[in-house]
Each structure stands twice: as C-alpha cells, then as structure tokens.
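These come from TrEMBL:
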- His152: active site, proton donor/acceptor (ACT_SITE)
- Lys156: active site, proton donor (ACT_SITE)
- Gly7, Phe8, Lys9, Gly10, Lys11, Met12, Glu38, Gly96, Thr97, Thr98, Ala122, Pro123, Asn124, Phe125: NAD(+) binding site (BINDING)
- Lys39: NADP(+) binding site (BINDING)
- His153, Gly162, Thr163: (S)-2,3,4,5-tetrahydrodipicolinate binding site (BINDING)
- 1-125: domain 'Dihydrodipicolinate reductase N-terminal' (DOMAIN)
- 128-262: domain 'Dihydrodipicolinate reductase C-terminal' (DOMAIN)
Amino acid sequence: MKIVVSGFKGKMGTACTNMVLRQEDFILAAVYDPFATEKHLDELPQYAGHPVKVFSDKATLVKEVEADVWIDFSRPDAAYDNTRFALENGMRPVIGTTGFSSEQLEELTNYSKKLGLGGLIAPNFAIGAVLMMEFAAKAAKYFPDVEIMELHHENKLDAPSGTAIKTAELIYEVRGDHPQGHPEEKELIEGARGADYHGMKIHSVRLPGLVAHQQVQFGSAGEGLIIRHDSYDRDSFMNGVALSCRKVMEIDRLIYGLENFL
Ligand SMILES: NC(=O)C1=CN([C@@H]2O[C@H](COP(=O)(O)OP(=O)(O)OC[C@H]3O[C@@H](n4cnc5c(N)ncnc54)[C@H](O)[C@@H]3O)[C@@H](O)[C@H]2O)C=CC1
Ligand SMILES: O=C(O)C1=N[C@H](C(=O)O)C[C@H](O)C1
C-alpha cells in the first residue's frame, strides 16, 4: 500500500513517517508539508536509506506520485482542504487532524460516497482513548452530572480538544440537555466554569511536559467516578493509524471515529 504522510515535519507527522517505514506492507510514497524543503531528507535521520520524495506543494505531489492513502496530521485550519484534496485525487484519507465542523464532516462523507472511496477521520487514534469515550458514554446513563478535563502540551492550537468534543457528543446522546451547577452561580473571572456543551462543562489545560490526557469526572449523591486516559507518547496513536490505513482500503465511504474499526 502506497502512503503519503501530510504534515510530516510535525510531532505526529514524524511518528507516522516512522510507523509507515516500519510496516512491511506499507510504502512511504511521499511526504508533504508546506514548510518542507529537499534538505529535510538529510536532516531527518528516520529517512536514512529510504528514498522518500519530499513535497512542499500538493499540486506537484499529485502530478509525480500515485498513492492509495493520505495520512494527515497538520493544522485544524488545513484539515478540511487536505481531506477534500486527498479524495479529489483518489487517495483514501486517514485524518487525525482536528477542527472539523459537523457540516464539513457531513459534506466530506457525502462526497466520499459519491466517489466510492473509503476513509477515516478520527479525533483520537489511541485505543485506550476510544475505550475511555465508550466507558464515559456508558456511565452517563447512571451519572448524568459530568465535567470533562482535557490536558495537552502547550503547543496545541485548538481548544477544547477533538477528543473532548467527541466525548461530550457521545455523553449528550445518552443524557441530553442537563444544566449543571447552581442555577445562580456566577463566574468572578470569565471562563472559570469552562466551556458549556448542553450543560456539560469542558476544561482545557495546556502545560509543557504534557502529551495528551483526558479525565471524565462523574458525580452523584455520595459517590464519584473518574475515567481517565493518558497518552504519554505519540506512539500511543500509531497502532490505530496503521490499522486504519488497512481498513480504509476495504470500505467505500468516509467514516468518523476509530471505534468503527474496532
Ligand atoms: N487524532 C489523533 O489521534 C491525534 C490528532 N492530533 C492532531 O493532529 C494535528 C497535528 O498535531 P501535531 O503533530 O502535534 O502538530 P505539529 O504542530 O507538531 O505539526 C503540524 C505540522 O503540520 C504542518 N502543516 C502546516 N500547515 C499544513 C498544511 N496546510 N498541510 C499539511 N501540513 C501542514 C506544519 O508545518 C507542521 O509540520 C492537530 O490537529 C492535533 O490535534 C494530534 C495527536 C493525535
Ligand atoms: O493535539 C494533540 O496533541 C492531540 N489532539 C487530538 C485532540 O484534539 O483530541 C488527539 C489527542 O488528544 C492529541
């Protein structure tokens, strides 16, 4: 299977490039990053011995390279354009980049169906994070009062995280609208109670030293339940990305969420 890694200079792009090179049935057809130059081949040791084509321009890439799968970990403001571009050029998207609106997800799904091309957009590729979301949705039936704390490295651009949004959506499907806290509570400093999603509060922490962590904290009369997932290393996402590259070859539309492949 021939694969392009988009956003290859970044933290996740680097991990994905290494992962693709390690898989016997994957071929790294090209890497793309608008900030790339040819000298990246010499600078990045993981490419040693592997003749990989480096592109800083998507249009040139598709003229010179044929690939089956487009892995993308770039920026929230590039997520939609890159996914659309992959589909338009016959590559199955495996997208970890966050920042899609529900309208964009719907439009891309419809477009993929029209083309008959498989693909996946997943806010989190760590198997443990998918389980955390499923456990949280299950708990919400009995514990409707819940707050989500997501904690990430200080270079993250979007807040709340894609994982926190997906978790909130899953919990909302179970418990619906549910105002929390005292009806007369007042924030003395704006934002103190976090973002509000149908009554559920979401808190975003950004600190050096963190990778990707989330705690879903439930409270009920006299008891509490905390469901927590920690990605200590970006390798935590790689099994999910590798699995998805194989699975998108077997389907004929874009889907949302790694749970669909587990
Ligand atoms: N779904 C998942 O499991 C995970 C998703 N992410 C998401 O992946 C994205 C990237 O995260 P990091 O690697 O930490 O960021 P990063 O900042 O380390 O890397 C982003 C890379 O994208 C490149 N880039 C900028 N504009 C681009 C464009 N238009 N097309 C292609 N590449 C472009 C940058 O030059 C940079 O090399 C974020 O949206 C993050 O939330 C991160 C970790 C796991
Ligand atoms: O930016 C990150 O790092 C991560 N982004 C994804 C998100 O927004 O949920 C997945 C994971 O949390 C790491």
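Residue numbering: from 1, along the chain as shown.
Placed from the backbone N, Cα and C atoms, the Cβ positions cover glycine too.
What TrEMBL annotates, mapped onto the structure for a quick look.
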| residue | record | DSSP (3 states) |
| --- | --- | --- |
| Gly7 | NAD(+) binding site | coil |
| Lys39 | NADP(+) binding site | coil |
| Thr97 | NAD(+) binding site | coil |
| Ala122 | NAD(+) binding site | coil |
| His152 | active site, proton donor/acceptor | strand |
| Thr163 | (S)-2,3,4,5-tetrahydrodipicolinate binding site | helix |
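Separation of the C-alpha atoms of His153 ((S)-2,3,4,5-tetrahydrodipicolinate binding site) and Lys9 (NAD(+) binding site): 17 Å, rounded to the nearest whole number. In this structure, the CA atom of Asn124 (NAD(+) binding site) is 6 Å away from the CA atom of Thr163 ((S)-2,3,4,5-tetrahydrodipicolinate binding site). Across the domain 'Dihydrodipicolinate reductase N-terminal' (1-125), the model assigns an average pLDDT of 92. Within the group of active-site residues (His152, Lys156), the Cβ with the highest number of other Cβ atoms inside 10 Å belongs to His152. When the recorded positions Lys39, His152, Lys156, Gly162, Thr163 are screened for a Cα within 10 A of the Cα of Thr97 (NAD(+) binding site), the ones that qualify are Gly162. On its own chain, Gly7 (NAD(+) binding site) has Gly13, Tyr32, Asp33, Asp72, Phe73, Ser74, Arg75, Ala78, Thr97 as residues at least 6 apart in sequence with a Cβ closer than 8 Å to its own Cβ. When each of the binding-site residues Lys9, Lys11, Lys39, His153 is scored by how many other Cβ atoms sit within 10 Å of its Cβ, Lys39 comes out lowest. The Cβ of Asn124 (NAD(+) binding site) has 28 other Cβ atoms within 10 Å, all protein chains considered. Listed in chain order, the residues near the (S)-2,3,4,5-tetrahydrodipicolinate site other than His153, Gly162, Thr163 are Thr98, Pro123, Asn124, Glu150, His152, Lys156, Asp158, Ser161, Ala164, Ala212, Gln214, each with its Cβ within 8 Å of the site Cβ centroid.
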